[in-house]
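J.: One structure coming up, written as structure tokens, with questions to follow.
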Amino acid sequence: MLLNLLLAFILLMGRVSSDPDPLQDYCVSPPHSPHQHIFLNGNLCKDPTKVTVSDFTTSALSKPGDTRANPFMTNVTLTTTANLPGLNTMGLTMGRIDFGASGVVPPHVHPRASEVTVCLDGVLLVGFVDTSGRVFTQELHPGETFVFPKGLIHFLYNIDTVSSALAVSGLTSQNPGTQFVSMVSLDSKLQIPQDVLKKLYHINDQEGYVASIRKNLGS
């Protein structure tokens, strides 16, 4: 009897596939409604008879971004279902990354995507940290490519102090999500208690360092 149950369980598990990766941080089930709509990947599907070639093309990445709009001197432009409707359910997106002189995309993670980056202009220093604490860094010159594993902290930096740089990235999710390490801990909407941060960063806060950092980050 036990052997039969075990065999049945093995056969059942062999037929069950894993859940697909989520496209959002969470998805709370709404109350049941007789008029409830059906959504696909967070977006309703267009009537297939009304789909045109324009749904599968975009010029969103053709224009340089304003690198002076933030203190990091970078600008990231992403393809989304808003500017590229045919992207929906494809499980990928692309981004244009413009760097001003010494521009940096600070350490961050994409919880739902791996990323591959191609340097198109300038020289970039890129890298990531694995879960054992090893750091992998590389200089990228035009035409060279680097991959960032899913969910690991990584960064991109224009090492040129005078000239700009340009890169294009592909990510393996329609909605990869982005969390900047410094901003998550120090500039979140509902702030992490200062006592936690002081212990985390070994800060003696007599001079108000935590408040000063939060002010600099715009919190």
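Glycine residues also receive a Cβ, built from the backbone N, Cα and C atoms like all the rest.
Annotations in TrEMBL come from automatic prediction, not curation.
Not my notes, these are from TrEMBL:
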type	residues	note
SIGNAL	1-18	signal peptide
DISULFID	C27-C45	disulfide bond
DOMAIN	59-209	domain 'Cupin type-1'
BINDING	H108, H110, E115, H154	Mn(2+) binding site
BINDING	H110, E115	oxalate binding site
J.: Taking the recorded Mn(2+) site as H108, H110, E115, H154, identify the other residues of that chain whose CB atom sits within 8 Å of the mean position of the site's CB atoms, giving them in sequence order.
T.: V109, A113, F128, F148, L152, I153, P176, T178
J.: How big is the Cα-to-Cα gap, in Å, between C45 (disulfide bond) and H154 (Mn(2+) binding site)?
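T.: About 34 Å separate the Cα atoms of these two residues.
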J.: Find, for the listed binding-site residues H108, H110, H154, the residue with the lowest Cβ contact count at a 10 Å cut-off, counting only other Cβ atoms.
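T.: Each of the binding-site residues H108, H110, H154 was scored; lowest Cβ tally within 10 Å is H108.
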J.: Can you tell which of the recorded positions (C45, E115) has the fewest other C-beta atoms within 10 angstroms of its C-beta?
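T.: Result for the recorded positions C45, E115: minimum number of other Cβ atoms within 10 Å at C45.
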J.: Could you pull the average pLDDT for the domain 'Cupin type-1' (59-209)?
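T.: PLDDT averaged over the stretch: 91.
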